[in-house]
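Novice: Just dropping this structure here.
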Amino acid sequence: MTKYIFVTGGVVSSLGKGITAASLGRLLKNRGMDVTIQKFDPYINVDPGTMSPYQHGEVFVTDDGAETDLDLGHYERFIDINLNKYSNVTTGKIYSTVLKKERRGDYLGGTVQVIPHITNEIKDRVYRAGKETGADVVITEIGGTVGDIESLPFLEAIRQMKSDIGRENVMYIHCTLVPYIRAAGELKTKPTQHSVKELRSLGIQPNVIVVRTEMPMTQDMKDKIALFCDIDTKAVIECQDADTLYSIPLDLQKQGLDKLVCEHMKLDCQDADMTEWTALVDKVQNLSKQVTIGLVGKYVELQDAYISVVESLRHAGYAFDADVQIKWINAEEVTAENMADFAQDVDGIIVPGGFGDRGVEGKIIATQYARENKVPFFGICLGMQVASIEYARNVLGLEGAHSAEIDPETAFPIIDLLPEQKDVDDLGGTLRLGLYPCKLNEDSKAFAAYNDEVVYERHRHRYEFNNEFRQQMEAAGFVFSGTSPDGRLVEIIELKDHPWFLASQFHPEFVSRPTRPQPLFRDFVGASLQASESK
């Protein structure tokens, strides 16, 4: 029978519930378990696809085209699995489904209520994650903090599951904070005690408490938490701030978290072989080289907006024994006069995705600088579009060339709306989303990176290169090195007379892994490192 583990949070948000859940998933997978994982978000939006990155951070796209929470990126990178639309559930999705059923008459005229209709729908999403994947263990992170009004239906649903399928098949892990009061020089356990008290008032007794702290805890403190929270002392797991996220699974293993799970759920499984992971962490903590990448974006104040891009750059660095340093460059502040100052200490420039006109001209200027000064350049999604616009303006001389998204009146719409998008009115869930094939030209940097004729990458866009300008651009030296198999959609562009200048319409950052860097990121960082060493 499938086992279900629920990870909740207390005291404050952003405690690292997602990293805890992902780390546990890695440990159980290395014990031979088939693991899947999901995130429940209490907000009323159907998905984060139309939310501002300032509100939510990155939107992570799955193979099947679901627009999801950034924690799914952590899950995929840690556990090395590809998730799907069942892996991210919001209050908006739950209520939308229940209301559709009510309109169809599925409830036979009954009064639709939070209990049982909403809670039953929540439980169905948990069970479906296990059924669709055939997993031995389903790990579910409950977003938000215990005590939030929005989280109550989710907590009630997972409380009911203990009675529905048996205590030995359900486990609750509660993540809390033990703050360090610098003026007193003390760690305080009282917030954890109150958080667990709140959780217990809702009918959930945690089996394990994972304590986030910036200072080491004493055994007396663990004993105190165990006493007041009614759990075994060995079930109080300390999680100190770490130099690298990838060391967390090893820290949790040392304290026996995976063993506690296996004992509680009566899982007969082997010990976790973490040899490869230990080697990864050892490499990450002892990198001998350094390379600096300038990231030109419009959301740089909130770095979580680019979290998969940053992690992919770091993964690529590991392949070269290099620590990748990110220089955050606000695209709105970039001008033709100051771009050289911004680029003075960078070895490569990356322009990631984004929507809207804010900062676009700064990105175009940064792209021009990289092209003219032979600085390794990597554009992603909007980054490919601005690279195309820049080339049209400054090489072909098409003054005012732009994207129809930014300037609908431009005489030279180098980037235009996809034909299938012209009659679409809704914003949410209507982009070209998910995994699509890309056919590569053999004589190209893209082919050299992948060493394959056809590759599959994840997409999230509504606009595409306008084929009316393709022949003209190609004649001027612009290389279309990757297209859809039918040749209709441009997927990758590059320049031949440049050390490394490449941009993709798709989002390669969504498939990178710490032990298996994405090929384009790998070669971009490699070219940047080479540029650094030749200075």
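Each Cβ is built from the backbone N, Cα and C atoms, and glycine gets one as well.
Feature annotation from Swiss-Prot assigns region 'Amidoligase domain' to 1-267; the stated evidence is sequence analysis. As annotated by Swiss-Prot, UTP binding site applies to S13, K188, T189, K190, P191, T192, Q193, K224, with the evidence given as sequence analysis. Residues or ranges marked as CTP binding site in Swiss-Prot (evidence: sequence analysis): S13, D148, I149, E150, K188, T189, K190, P191, T192, Q193, K224. Feature annotation from Swiss-Prot assigns ATP binding site to S14, L15, G16, K17, G18, I19, D71; the stated evidence is sequence analysis. For Y54, G354, L382, G383, M384, Q385, E405, R462, the entry in Swiss-Prot reads L-glutamine binding site. Per Swiss-Prot, Mg(2+) binding site is recorded for D71, E141. What Swiss-Prot lists as domain 'Glutamine amidotransferase type-1' is 292-534, and the listing cites sequence analysis. What Swiss-Prot lists as active site is H507, E509, and the listing cites sequence analysis.
In terms of burial and nearby residues, how do these features look in this structure?
Specialist: In the three-state DSSP assignment, the secondary structure recorded for K188 (UTP binding site) is coil.
The Cβ of K224 (UTP binding site) lies under 8 Å from the Cβ of T189, each of which sits 6+ residues away along the same chain.
The Cβ of I19 (ATP binding site) lies under 8 Å from the Cβ of H74, F78, L245, I248, each of these being in the same chain and 6 or more residues away along the sequence. Secondary structure from DSSP puts I19 (ATP binding site) in a helix.
Annotation note: L382 (L-glutamine binding site) sits in a helical segment as assigned by DSSP.
According to DSSP, E141 (Mg(2+) binding site) is assigned to a strand segment.
Listed in sequence order, V61, S308, G353, I380, C381, E457, R458, H459, R460 are the same-chain residues at least 6 apart in sequence whose CB falls under 8 Å from the CB of H507 (active site).
According to DSSP, E509 (active site) is assigned to a helical segment.
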Novice: In the three-state scheme derived from DSSP, which category covers Q193 (UTP binding site)?
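Specialist: The residue in question, Q193 (UTP binding site), is helix (DSSP, three-state).
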Novice: Would you list, in sequence order, the recorded positions among Y54, E141, T192, E509 whose CA lies within 10 Å of the CA of G18 (ATP binding site)?
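Specialist: Passing the 10 Å Cα cut: E141.
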Novice: How many Å lie between the Cα of E405 (L-glutamine binding site) and the Cα of E509 (active site)?
Specialist: 24
Novice: Which of the recorded positions L15, I149, L382, M384, E509 has its Cα closest in space to the Cα of Q193 (UTP binding site)?
Specialist: L15
Novice: Measuring CB to CB from L382 (L-glutamine binding site), give everything in the same chain under 8 Å that is also at least six residues away in sequence.
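Specialist: Looking at Cβ-Cβ distances below 8 Å from L382 (L-glutamine binding site), excluding near sequence neighbours, one finds V351, P352, G353, G354, F355, V360, K363.
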Novice: Sort out the sequence-distant neighbours of P191 (UTP binding site) for me: same chain, 6+ apart, CB within less than 8 Å of its CB, listed by position.
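Specialist: Those within reach of P191 (UTP binding site), by Cβ under 8 Å and sequence separation of 6 or more, are G10, V11, T176, L177, V178, P179.
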Novice: Rounded to a whole number, what is the top Cα to Cα distance in Å among the residues the record ties to CTP, namely S13, D148, I149, E150, K188, T189, K190, P191, T192, Q193, K224?
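Specialist: The widest Cα-Cα gap among those binding residues is 31 Å.
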